[in-house]
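As written in TrEMBL, here are the features:
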- 121-347: domain 'Cytochrome b561 bacterial/Ni-hydrogenase' (DOMAIN)
- 439-579: domain 'Oxidoreductase molybdopterin-binding' (DOMAIN)
- 1-30: region 'Disordered' (REGION)
- 73-95: transmembrane segment (TRANSMEM)
- 130-148: transmembrane segment (TRANSMEM)
- 213-233: transmembrane segment (TRANSMEM)
- 272-297: transmembrane segment (TRANSMEM)
- 318-339: transmembrane segment (TRANSMEM)
- 359-381: transmembrane segment (TRANSMEM)
Amino acid sequence: MSTEEQSIARSRSLARSAEEQRSQQLREVSPAFRDELDARRHDRVGPDWAGGLPAQYGVAPRIRIGRSKWFNLLWLIPIGMALMVIGIAVARGIVDTPAVKDFLTAYPGASELPEGTPQGFPVWMQWQHWLNIFFMFFMMRSGLSILADHPRLYLTRHSTPGREWFRMQRPVPVDDPTYTAKGDSLTLPDGVGLPGRRHSIGLARWWHLSIDVLWLLNGVVFVALLIVTGHWARIVPTSWDVIPHALSTAIQYLSLDWPTENGWVNYNALQLLAYFVTVFIAAPLALLTGLGMSPALSTRFRRISRVFSIQLARSLHFLVLCWFVMFIIVHVALVFATGALRNLNHMYAGNDGTSWTGFWIFLATTAVLIVVWVAATPVTYRYPRAIRRMGLALIGPVQRLFEHVDSKPGKYTEKDISPYFWSNGRVPDSDEYRRLQKDDFRDYRLRIEGLVENPVSLSLDDLRTMARHDQITQHFCIQGWSGVAKWGGVSMSSVLDLVQPKPEAKWVVFYSFAEGAEGGLYYDAQDIDQMRYHLTMLAYDMNDEPLSFSHGAPLRLRNEAQLGFKMVKWIQGIEFVERFEDIGGGLGGYNNDHEFFGYRQSI
Ligand SMILES: Nc1nc2c(c(=O)[nH]1)N[C@H]1C(S)=C(S)[C@@H](COP(=O)(O)O)O[C@H]1N2
Ligand SMILES: [Mo]
C-alpha cells in the first residue's frame, strides 16, 4: 500500500468512526424510535377492536331543513303510509268515472314492444340477476360501513359541521378542538355493516372496492348480452306512450285492481321504467359518483370537481343507494304479491308455468346468499389480512393505473381555504412531549437519521431558517371528509439536500410523539420517490399561524399525493431505510399494521 493509499484509508476510517460516534450520540440522547413501536402482528380483529374506540351508536338519520332545523327521516315511514292510504282512496274514488275508464282502455298499461323482441328469461339472465344481487348486498353493507365512518354528507368540498345536509350522528362540538373525525365515527351492528364495527373502514373499503370490480364486470356482460339478444327492448322505453301507460298502471295498482301480469312477454310500463332507471341510470350513476369520490380524479379534473366535488359525489352516491334499497323492497314485495310462483319460475327456472320449481331454486340460492351474508363479518374479523389481499388483488391493478395520473394537487387559492378543518388521531400525551410543549418547543429537536450521509438534529429555529415553502392544498381523509388549508414549512426536497440519502435508502419513515389508537408510536413509511415531489413538505404553519396542538404541533408531514392518514403529525424523527418489514408490525405504517389499510394509498 502506498503512503497515499494509506492516508486515504486512514482518513476514511476516521470519517467512518466520526459518523459512528455521531449516530452513537444520537442514540444516547434518546432511544431508537423503533423500540417504541408496537411490533405485534395483528392478524385478527379481536372482540374489543374498533380502531381502539368503544362502540358508539348515532342518532336516527336526519336531513337539514333551512339553516338549522333537522328532519328525522323515520317520519317518512308514517308519512309514506299516509300518502299510500290517500293514494288508494283517490284512485278508488276516480277509477270508475267514465273519463278514467276511457283512459284505462286507451292505455291499458304497457307499450307495444318492437318487432322481434324475444320473450322469456334466458339462463344467462337468471345467473346474472342472481350474481348481481349477491354482489350488491355486500357492496351495500360495506358502503354503509364506509358511510358510518364519517356519518355526515355535504354538498361542497368543505366538510363544515352544521353545513351538512344529512347526518346520523349528533352535532359536532365545534368548540372542542380534541373532537376528532375518528371520534365521530359510528358502530353498525355486525351483519348490517360489513364488517360492522366502529372505524373498520380499512376492511370495509377492501370489500366495497373488490366486490365492485366483480359487480361491474357482471353488469357490463349483462348489458352487452341485453343488446345483442334484443332483450334490451323489454326494459328500455321506445315510445313516449310509456308515460300514460305508467300512469294507467299506477292507477290500477292504487285502486287495488292490479294490472294483469304478463312479465314473460311484456312488462307493464311502471315496471319497465323502474327496471330502466335501475339498470341504465342508477347503476352507471353508482359508478360515476364512485369515481367522483376519487381524490386523484377530483384534483386532476379541477374544473369539474369545483362543483362536482368529492362531497357532492359522496352525497349522490348515497342517494343512488337509497334508490337501490327502495327498488329492491318494492320489487321483491311485488314479485311475491303478484303471482309469486309464476314470477319465480320466470327468473329462476326460465319457464312461464305455475309449478314450484322456481320457488325451490329461489329458496336454495337465497340460502346460499344468507349463509355468505352471515359468515362475511366473522370471516372478516378472523382473516382480515386475507380480505386485504383479496382487495389488493382485485382493485390493486386499477389503483396502480391511477397512480400514474398526475393528479396535480395544490393550486388552490386563499379563497378556497376551508372554514373548518377536522382534526384526527390520538394526541400525544408523553411527558417528553408535554415538557417540550410547555416552553414552545424551544428544546425540540427533529432527528433525521438512518441511511443518510449526514444525520442531523434540527431545532424549530433551524427549520425556520431553511428555505420556506407554502402551499394551499386539499386534504383527503380516508374516512370521507376533506378540507383545504394553507401549509407553511420546508420542502422535503430541501431536507433531502441537507441529509443526503444513501443510494440504498428506499423508504422514509416518520415517527410521531403520539401513540396510535392501540398503543405504540404512530409512524408511517413513505416511498422515497415521493419525497422529491414539490408538494411534499414538513409543515410548521397552518393557515399562516403556527401549527396548533390538534393539527400536529410543532411539525407534521404533508404529502399531497397520499391520503390523510399517511401525514404523520407531531413528528419527532425521520429515518431513511431500505425496507420497512422489520419496523413496527412490518406493514409500512400504523394504520396498515392495525387497521388493514394499504401501505400505498395514493390519492
Ligand atoms: N401521529 C398521528 N398522526 C396522524 C394521525 C394519527 O392518528 N396520529 N391521523 C392521521 C389522519 S387519519 C389524518 S386524516 C390526518 C388529520 O390531520 P388533521 O388532524 O390536521 O386534520 O392526520 C394524520 N396524522
Ligand atoms: Mo384520516
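Using the three backbone atoms N, Cα and C, a Cβ is placed for every residue, glycine included.
Since this is a predicted model, take the numbers as computed values, not measurements.
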- Report yes or no: does the transmembrane segment (318-339) come within contact of the transmembrane segment (213-233), defined as 3 or more CB pairs under 8 Å with a sequence separation of 6 or more? no
- For the domain 'Oxidoreductase molybdopterin-binding' (439-579), what does DSSP give as the number of helix, strand and coil residues? 22 helix, 65 strand, 54 coil
- When the pLDDT values for the domain 'Cytochrome b561 bacterial/Ni-hydrogenase' (121-347) are averaged, what is the result? 95
